[in-house]
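Student: After the structure tokens below, expect a handful of questions from me.
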Amino acid sequence: MGEKGKGMGMMKCLLGMGYWVQGFRCFPWLAIIFFLKDGLQIDPSTLQILLNSANLPMVGKPLYGVVSDSVYFYGQHRLPYISLGAILQAVSWVAIAMFSSSSISISTITFYLLLSNLGASIAEVANDAMVAEISKQPNSAKKGQSSSSGELQSFVWMASSVGGVLGNLVGGIAIEKFSSRFMLLTYGAILIIQFLITILVNERSLNLPKHHSAGGIKDKLAELASALHKPEIAYSIGWLVASYAMTPALVGTMFYYQTQALGIDSSVLGISKVFGQVGMLLWSFFYNKSLKSASPRKVMCAIQATVAVFMVSDVLFVTKFYQNMGLPDSVYVVIFSGLQEVLFFFKILPFSVLIAQLCPPGCEGSLMAFVMSAVALAMIVGGYLGVALASYVGITGTNFSGLPLGLLIQAACTIIPLFLSSWIPDHVKADVAKKKE
């Protein structure tokens, strides 16, 4: 194996570990939710506000991306940020575990949750930038094609999905047998191991593209602005953001309907999440094998249309159509609800491949970070629209008579972005080849 092959092997190990650790984050978050509910005994509204507030660092991803692209430490500008993200998360989770429920306040736990998500955001930005950079390197066997042609994106997607599956499975068992403190300390130990491994690797051994910029952060901001002015990039991001922002999220309403109206056990909901994570894992395999060369426009539009179909299926579910046909509610929740919850994110994989091909060299981190930040904000907008929709159709914690109408409106809103599909470039590789000529 040559030096380049060894570098790629090490790269895959580091990225696989990084994405697996981030996918496994559902493990400590399950512990923290039970700690907040049982240990601190906070009410549901306070819990929701706290968890939403903790996601604020995710909005700053473009800034972290610009800094990662432009500020180097001893000639390295990716692994140091992954190390920083890992240690910030480790400190936050271990700190929370050290407090007892009687000695920690809401403001203190909020601070450490913000710190944890700050670390996760920094690590995710650096990981995403590494994936984008290596994906743009030319293949020695096939000139003009990226070195991975979507394979690396699929690999890290699989690593994250495996982490999510294990996090939900192990977390569901551990929450019954161990304390929340033990679970937080366990994840903190995993993060410390990641930190130690990352600082021992020299980034030069990974053979990453070198894009040193003399101008620093100001020039990187200018490069990001220049990239966003490219129509194919701006319209692609615009479509992805619109596809999330235009869809009212009724996840909370469905959760209350399943638990309050149908009496679905929490263990069934846990299995549903695991089923969804397995679906994400299978999707990465299928995309890498059969769809990585397909038109990104067709793939993303097909996913969007499938989401709408699942929402119409939910209408049949709440009107007892499936129950009358002999399908138990719990089976539907595990299979269909589990898949629908992750189906919203299926678009990210083909989009990440698309944006990696369109992204100009040197601003991969900042552009990918901008995309994920925009998606996060779009999902917040979709969440607010969902609250407004639930209020409009008269859904409450005990009255779900308006839920079928709400789901139909939700499905109709999901179809709207399909009329904007021309915003997504088609046959990107051909377009890039023409530009190079």
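Using the three backbone atoms N, Cα and C, a Cβ is placed for every residue, glycine included.
Note that TrEMBL annotation is computational and uncurated.
In case it helps, TrEMBL gives these features for our protein:
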TRANSMEM  12-36  transmembrane segment
TRANSMEM  90-115  transmembrane segment
TRANSMEM  155-175  transmembrane segment
TRANSMEM  181-201  transmembrane segment
TRANSMEM  233-257  transmembrane segment
TRANSMEM  269-287  transmembrane segment
TRANSMEM  299-319  transmembrane segment
TRANSMEM  331-355  transmembrane segment
TRANSMEM  367-393  transmembrane segment
TRANSMEM  405-425  transmembrane segment
Student: What residues in the same chain, six or more past the boundaries of the transmembrane segment (233-257), come closer than 8 Å to it by Cβ-Cβ distance?
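Tutor: Same-chain contacts beyond the ends: 227, 269, 300, 304, 307, 314, 318, 337, 341, 344, 347, 351, 354-355, 358-359, 367, 370-371, 374-375, 377-379, 381-383, 385-386, 388-390, 395, 397, 400, 403, 406-407, 409-410, 413-414, 416-417, 420-421, 423-425.
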Student: Let me spell it out: take the transmembrane segment (155-175), skip the flanking residues so only those 6+ beyond its ends count, and list any with a Cβ under 8 Å from a Cβ in it.
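Tutor: Result: 12, 15-27, 30-31, 34, 127, 131, 182-183, 186, 267, 270, 273-274, 277-278, 280-281, 283-285, 287-288, 349.
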Student: Six or more residues beyond either end and a Cβ under 8 Å away: which residues meet both conditions relative to the transmembrane segment (299-319)?
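Tutor: The answer is 239-240, 243, 247, 254, 257, 287, 291, 329, 332, 336-337, 339-340, 343-344, 346-347, 350-351, 400, 403-404, 407-408, 410-411, 414-415, 417-418, 421, 424.
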